[in-house]
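Only one structure is covered here, and it is reproduced in the block below.
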Amino acid sequence: MTQKLTITRPDDWHLHLRDGAALAAVLPDTARQFARAIVMPNLKPPVTTVAQAQAYRARILAALPAGMQFEPLMTLYLTDNTGPEEIAAARASGFVHGVKLYPAGATTNSDAGVTDIRRCYPALEAMQRAGLPLLVHGEVTDPAIDIFDREAVFIERVMTPLRRDMPELKVVFEHITTKDAAQYVRDASGPVGATITAHHLLYNRNAIFTGGIRPHYYCLPVLKRETHREALVAAATSGSERFFLGTDSAPHARGLKEHACGCAGCYTALHAMELYAEAFDAAGALDKLEAFASFNGPAFYGLPRNTGTLTLEREDWELPAELPYGDTTLVPLRGGETLRWKAR
């Protein structure tokens with residue numbers, strides 16, 4: 001049984017850092033484990049221009065504690081009004097690495113998102129020419145579609161027609177949750193990749209309802225059936241370069257999770273690599289973790305691998321039950337429980 005594993009320093013290809021005091025609270029957790037992260041643009045107001053991304057990047061770097069090394073990889077928030085000129089500026093910037101598609105209303109702070117993908121075709125065509133990736137929250141928002149089916153229907157209604165029209169557009173299917181999405185990415189022609197979270201590798205939808213409502217397991221896309229979780233584990237541990245690590249760590253104040261209308265999102269930045277190690281260990285695939293966490297993402301984005309390392313040791317330790325979060329607290333996924341791996 002492997003007791004210790006040293007891997008190339010990993011990156012997080014899907015992260016929510018928030019802003020202000022919340023940013024200052026959570027950024028060190030990510031920087032301790034990851035060299036770089038794709039930073040989501042769904043602030044209020046959203047990051048829709050290169051100038052806004054540059055300002056947000058400066059705030060992130062200003063919040064980084066002295067002595068810590070971390071590179072934020074910025075993204076823009078795609079809207080119906082995003083133009084080709086903004087895409088050209090993004091590609092030329094050197095710090096914008098993707099554009100995020102949120103279907104309007106699909107998740108936290110997505111109200112300004114896309115109402116009709118066809119309205120975005122001029123921007124998407126510019127992205128295809130520039131080689132700038134489109135990062136997709138792959139769920140339809142049609143209220144007639146069951147929440148557990150929204151990813152599969154998105155493939156049919158949006159992803160397949162989009163990639164038929166733009167076969168060379170680089171696309172990341174973010175935080176996939178179904179066997180449908182895993183198979184789509186595995187079988188797709190052209191430049192398609194996918195991020196997978198630790199919580200979707202470890203849990204099925206029963207986790208939300210065990211003994212009562214468990215709000216800290218509620219995220220979007222929502223956890224799915226066990227058959228889907230198993231398909232995600234198979235994809236992540238397959239060795240395919242198309243699948244890579246994206247925590248989708250999404251901090252919310254405790255009072256906004258434990259609430260009559262609680263926010264969606266799991267906070268995992270503090271212990272992300274421990275959770276991924278647990279998932280890969282359970283699958284008997286620790287030897288596949290380094291490629292998933294450290295190699296596949298840089299290869300897709302055309303970036304060099306990191307030069308540092310991170311070591312994971314089999315060691316029991318208790319995760320804090322809650323963490324400081326501005327003037328309040330947040331609860332990490334599995335807060336107060338014992339974890340079996342420790343990252344150093």
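Glycine is treated like the rest: Cβ placed from N, Cα and C.
Feature annotation from Swiss-Prot assigns active site to Asp248. The substrate binding site annotation in Swiss-Prot covers His16, Leu17, Arg18, Asn42, His137, Leu220, His252, Ala264 and is backed by sequence analysis. Among the features that Swiss-Prot reports, Zn(2+) 2 binding site is placed at Lys100, His137, His175. If you look up Swiss-Prot, you'll see Lys100 marked as N6-carboxylysine, on the strength of sequence analysis.
Annotation: Leu17 carries the greatest number of neighbouring Cβ atoms among the binding-site residues Leu17, Leu220, Ala264 [cut-off 10 Å, Cβ to Cβ]. In this record, substrate is bound by His16, Leu17, Arg18, Asn42, His137, Leu220, His252, Ala264; the longest C-alpha to C-alpha distance in that set is 19 Å. For Lys100 (Zn(2+) 2 binding site), the nearest neighbour among the recorded positions Leu220, Asp248, Ala264, judged by Cα separation, is Asp248. Recorded residues Leu17 (substrate binding site) and the residue listed as 'active site' have their alpha carbons 10 Å apart, per Cα-Cα distance. It is 9 Å from the Cα atom of His175 (Zn(2+) 2 binding site) to that of Leu220 (substrate binding site). Cα-Cα distance from the residue listed as 'active site' to Asn42 (substrate binding site): 12 Å (rounded to the nearest whole number). When secondary structure is read from DSSP and collapsed to three states, Asn42 (substrate binding site) falls in the coil class. Fewest Cβ neighbours within 10 Å among the binding-site residues His16, Arg18, Lys100, His252: that distinction goes to Arg18.
In three-state terms derived from DSSP, Lys100 (Zn(2+) 2 binding site) belongs to an extended strand segment.
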